[in-house]
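As given in TrEMBL:
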type     : residues : note
DOMAIN   : 12-403   : domain 'Major facilitator superfamily (MFS) profile'
TRANSMEM : 12-33    : transmembrane segment
TRANSMEM : 53-73    : transmembrane segment
TRANSMEM : 80-99    : transmembrane segment
TRANSMEM : 105-126  : transmembrane segment
TRANSMEM : 170-191  : transmembrane segment
TRANSMEM : 255-280  : transmembrane segment
TRANSMEM : 292-314  : transmembrane segment
TRANSMEM : 321-342  : transmembrane segment
TRANSMEM : 348-367  : transmembrane segment
TRANSMEM : 379-397  : transmembrane segment
């Protein structure tokens, strides 16, 4: 049967909610963990760059395992992959609470949790693309808003947990929170299930018709039984194997330009959220107020993403959404350059406001632009390959900035 048309609503709103939560954890978690870095530096006697590696490895796993994730989704479907991912992400943080050195933290909180979040993040975006078409820019904007909502809540929560239970207790509770990813994976119902039900109903009708002992109808029955026999024979023919990863997208010039620009952008994109709290603490800002800076970025971002998604969905903007994305990237880079002037807390707050707007615009548009370039059929392969290439930028960006 032909693939079903995206319903642009219905169960899609539940899928959107699941995607919202998973995007929140995937993007906000590596930054929110930075609240614990000062304590980790004291306990393990390490520097800025060493602790920045935890967030970098987490993000690199989120990006770098893209092709593996694409292959698993194409092979097993979104829901089973997401359920396994939720369990891995949670177990990584729980094991991290028992670590005795920084290398063990890299392996548990970095590698294991990062892999778990990757197995949740990519399938949730693929599911969102199958449920929405006309409203897709808005859906992407709303799902992307999960990142700032979670960032503005996880950062103060992390500070509270750190003060009450220490970093080990905080990691343990964070691990429990990550089990919510399994719930989100469970609601990702494949869209073709509705098609199967329709086919079953049609089959029941045909069987009822065949059993009617009426002359005219019996001839219909014979002709239809012949048809079904032919159909069954056709079904028995071996199916062509699915492409696990479609490399033909590299022949698309737009895709190559998009990949190069995203690589350059990602080198610096995550540096401010990861290093900002420690930088503020070093300039004499109290711990709670320093953690609040991430909440400011998150709060501004909450409104920036859906607003940008709505603008991108306008009739006269949607055909030119790539230009809007280019403007967002340029704006983000300029806010980073201007941040060098922020010498006190007020200056840092002003920087956070403008960074939140530009960061939200980039977050809302990045996957909408990619889907517009490659189309929904090749999106699962495209996102996997893009994330792999970006992983190298994510891995070297924050630690080199720490140096």
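Glycine is no exception: its Cβ is also placed from the backbone N, Cα and C atoms.
Two recorded stretches are said to be in contact when at least 3 C-beta pairs lie under 8 angstroms, sequence spacing 6 or more; the transmembrane segment (80-99) and the transmembrane segment (321-342) fall short of this definition. With a cut-off of 8 Å on Cβ pairs spaced 6 or more residues apart, the transmembrane segment (170-191) and the transmembrane segment (292-314) reach fewer than 3 such pairs and are scored as not touching. Against the transmembrane segment (53-73), stretch 105-126 shows more Cβ pairs under 8 Å than any other of 12-33, 105-126, 321-342.
Counting residues 6+ beyond its ends, the transmembrane segment (292-314) has Cβ neighbours under 8 Å at 28, 31-32, 34-35, 135-142, 144-145, 147-153, 155-156, 272-273, 276-277, 280, 321, 324, 328, 348-349, 352-353, 355-357, 359-361, 363-365, 368 in the same chain. Counting only same-chain residues 6+ beyond the ends of the transmembrane segment (379-397), those with a CB under 8 A from a CB of the stretch are 56-57, 59-71, 73-74, 118, 122, 125-126, 129, 243, 245-247, 249-250, 255, 258-259, 262-264, 266-271, 367, 370-371, 373.
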